[in-house]
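**Student:** In case it's useful when we look at the structure, here is the feature table from TrEMBL:
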- 251-383: domain 'GGDEF' (DOMAIN)
- 6-26: transmembrane segment (TRANSMEM)
- 33-54: transmembrane segment (TRANSMEM)
- 60-77: transmembrane segment (TRANSMEM)
- 89-109: transmembrane segment (TRANSMEM)
- 121-137: transmembrane segment (TRANSMEM)
- 149-168: transmembrane segment (TRANSMEM)
- 188-209: transmembrane segment (TRANSMEM)
Amino acid sequence: MLSPVGLIGIAILSCVISMAVFGSLLKAAIPGLARWFTAYGLVTVALVVLELRGHERENFAAMGASALLLIGALLMLQGCRQFFGRPPVHGLELAGVGAVLVGLVYWTFVAPNLSARVTMMSLYFAYARLAIAWMAYRYRPLHRPQYSYLFVAITALAGAIFHVARGLAYFTGLSHQTVFFEPSPLNIAFLALGILTLPFLSIGMVMLAHDRLAERMERLATIDELTGALVRRAFIARVETLLAAACAGKRKLSLAILDIDHFKAVNDQHGHAVGDHTLAHFVSLLSQGIRRTDVIGRLGGEEFAILFVSAGKAEAARLVDQLRTTVTASPAPAGSSAIACSFSAGVDEFGDGDTLTAVLARADAALYAAKAMGRNCVVVAPSPEGLSVECMEAD
Ligand SMILES: Nc1nc2c(ncn2[C@@H]2O[C@H](COP(=O)(O)OP(=O)(O)OP(=O)(O)O)[C@@H](O)[C@H]2O)c(=O)[nH]1
């Protein structure tokens, strides 16, 4: 048989489990998670206070528990804002919480009215849940699997609808209490549903946290930390995908390998840290110079590759030469000095039935030729007519 005491006991257990799961993720420093952990801690304490309340001090227990639930709901909302990179604290919202607290004191001690208190609290919870639902929907990252974000949006929305219904039921007198958690069927139903919203929401928040962790791991596995270019393996995987799409759509695809000239000298003269900074600067120049559809990967050390989509080798060589001009004209700032560098590049195009390995080998041979020809130039890979030097400048 469902009773308020039994239901609150179940809610306490579910909140403790939620706290344990949030606690296990605290070290990952996911934005908002510490607030969610604290929120569920406060809700747990509030429920324990309600469970243990005695008749003589019922008002104080109810008042204290309500205040904790109020702050808990606020922390859940603030945690979500933090998770989505929004400023967590809103002055107007804090003022609203203050007003609700004043209302609680008034309807508990000055003019006791349990229905008014429940209505006010329900509407406040509805607001907090609605704000979470809207945020999870509005700020969900579209490049991520949508499941966890929509789960949070839907469960928070369902919670908001439930709280509005509960508030209206008390406001209109449809549901009525003379003592806290009167065991009438309607009150029990409201209590059971209200309690259900808590684990649903915490499961959703844990899903969000896991998605953030997965995103971090994927980023670590695919993006080169120093330069922001794709790591070799991820670049190759991306090229294979685009190659399959280009074959199907009969679109041209070209590949360039770029190698910074005399980079060892930069390290030797200015130190490894400046070398790192120069590499990052170099890739940022490339990223700004390529088209939105092109892809940059770091093949290793100071060697990079760019895949040009819908471009033949002449067009790709022209684009690489533009990059070469930009790079030579934009030294990397390093303290009081500026590190000038240039690169050499080899370019080739995917032919019918070509593999990435074959094109990489031909572009690499062209790069070798560019180095041999004095560096700071772009060479198009061997064709039946021989090498084609697109541009060359003195070293
Ligand atoms: N700072 C820094 N240096 C790196 C990194 N990866 C590779 N290097 C350095 O890049 C240099 C590459 O040197 P080399 O292969 O001799 O080529 P180079 O001096 O650029 O000469 P050419 O390619 O022949 O023009 C080495 O000194 C590597 O230590 C990195 O992540 N950071």
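Using N, Cα and C of the backbone, Cβ positions are placed for all residues, glycine too.
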**Student:** When you scan the chain for residues with a C-beta under 8 Å from the transmembrane segment (60-77), skipping those not six or more beyond its ends, what do you find?
**Tutor:** 35-36, 38-40, 42-43, 45-47, 49-50, 52-54, 93, 97, 100-101, 104-105, 108-109, 117, 121, 124-125, 128-129, 131-132, 180, 201, 205
**Student:** Would you kindly list the residues that approach the transmembrane segment (6-26) from elsewhere in its chain, counting only those six or more residues past its ends and only Cβ-Cβ distances under 8 Å?
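**Tutor:** For the transmembrane segment (6-26), the list is 33-34, 36-37, 40-41, 43-44, 47-48, 50-51, 181, 188, 191-192, 195, 198-199, 202, 205-206, 209, 213.
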**Student:** Hey, which bits of the same chain come close to the transmembrane segment (188-209), Cβ under 8 Å, at least six residues off its ends?
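**Tutor:** Those are 2-4, 7-8, 10-11, 14-15, 17-18, 21-22, 25, 28, 30, 33, 36, 40, 43, 76, 79-80, 83, 129, 132, 136, 147-149, 151-152, 155-156, 158-159, 162-163, 166, 169, 175, 181, in sequence order.
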**Student:** Mean pLDDT over the domain 'GGDEF' (251-383): what is the value?
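**Tutor:** Average per-residue pLDDT within the domain 'GGDEF' (251-383): 94.
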**Student:** As a quick check of your reading of DSSP, tell me how many residues in the domain 'GGDEF' (251-383) are helical, how many are strand and how many are coil.
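**Tutor:** Residue counts for the domain 'GGDEF' (251-383) by secondary structure: 60 helix, 38 strand, 35 coil.
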